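Structure first, commentary second.
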Amino acid sequence: MVNLCNLLLKYDHFSKVEDDIFIYIDRVLENASEIYVRQQKAKRELECLEDQLAEKQKQSNRCVLPVPRSPVKRRKVQSLDSPLSAQKENVSILEDSTIFPNKSDSDVSAKLELNILDSEEPFFALTQSPPPAAAPQSPSPRAILSPRNVSKTSPLRPMQLLFPEENKSEKKPLLRESRFGKSVKLLESSSVVAEKSNTPTTPKTTPNGKWTGKNANATIETSNTDHTPPSGLKRFLSLADSNQRFRQVKLNFPRQTKQSPMNEPEHNSVNDTLFSDFVVPTPPSVANKSKFLKSLRMKKQSTLISRAQDDKPGTKGGSDETSSSTAASNERQPMFPNDNDDDDIDQTYCPGVESTSKLSKGLSFKIKQEPESQQKERIPLKVPSNKKLECLSDHILGVGEDSESNEIIVLPAPSQQSVISVAESQNATEIFISELNGENAKRMDAVTIETNPSNVPRVNRELGELSGSVKPYTRGYEQPSPQGLCIDCTMLYQYHTTRGVSNDTARSKLPRNCRNCRVAQLHSTPPGFWDPDFLPTPE
């Protein structure tokens, strides 16, 4: 009730609680106390029962007779003095597992089977384990007054050894050593071999064959294809008995006259006239020269294609094709003053250029020029005017309309540049973002647009276009990932390019000597690897 009063004081502000709930709580507490009292009473009764049970068990242990040993065990012990006929009767009664406990053990069972015993030897008893010692029982007055009426067993004789041969090292062992277990060292160290080596012997003639394992006096048998060699135990024993049984024997296969290589007709020499049209370039590693001479020769080769024809316009064997090609190259030169290094890349590969240094200078060489239809079209560089330099955004839009190729934007000196300040109005940021997107689209390669469907800008037409004031900046799916970069460097590169940084600046911000980038460059194919212009061409 004290607890109930405390509860009432604690929850006094719950005025709407009815009195029935307190009556219910009181009944629950009374039931719990009654259960506790009954549990204590049951524990006391259980302890009394356990004490009575322990006393009864002690009394029963005093009265219980000791279990005598089984008659089979008794017969086993008495079989030491019994004759052989009694042993055989005992064996017939019992099972194999009780007689031979070690039957599953292969080593023990093999020795037991091979051991031939005398008829008087107690074989049956020797294979059995000794009887277990009886547990000491509590002394009782009855045991002292009247002893048990059990027949006394005769004292056991000491057990004889089952294998007495193991102790005597002079005698020959019961199990002979296997034929294949003999080691060469034992044979060499034996006294018989030493005696044989001392006696003078005539040298035996050894067979000439490299792999022959036959004896010298044995006749060489010719192989017969109609008769198969004997297989089975006979052949195995004959191989095992020989001294050189493990050496490989050379197989004599009869050579058939039809398939012999000596009788094959000589094929006519292959006609090489068809292959003379195609010249395969010799790799530079064939010539045994130093690396410095190789590099000099490669420099001569690169200059010879583009400039040698301009220096010698009047060569003896110069054809109309070479003169027209030199004229075409002279016309193109003023338009591209800085493209001299790029000229010999676009020329058709000439395999004869490598051997020009060995020939005399008086001879003229015919170098195949690339046809005009296959040459790359070059668009002259448009230098922006001063008006366009003033407004950078107009210049970027104008270049995007005029040309499709990648252009170089020439910026004025930093003193002439005007500081570009981005206004806070929404329209100025939209123009800046659109210019960035246009510049990134121009850098994109045409091949990546066709092959990669993910590069196509995605337009969601179902939702309709958003209003001009809420247009977000779309992520540049159209930006091509730079070649030779790993995944982490590519993500970092895209992060810098989306911020509006130029490609070169974004490249400079990437970590140097990245191991993953080097691995990616090793496993990537160069862009012009499968270009047919660089493959060997006919003369």
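Numbering starts at 1 and runs along the chain as it is shown here.
Positions of Cβ are set from backbone N, Cα and C atoms, glycine also.
According to Swiss-Prot, the feature region 'Disordered' maps to residues 126-153, out of the candidate ranges 126-153, 378-405, 462-489. Shown are the glycosylation sites ASN31, ASN503; of these, the residue with the fewest other Cβ atoms within 10 Å is ASN31.
Residue pair ASN31 (N-linked glycosylation site) / ASN503 (N-linked glycosylation site) shows a Cα separation of 85 Å.
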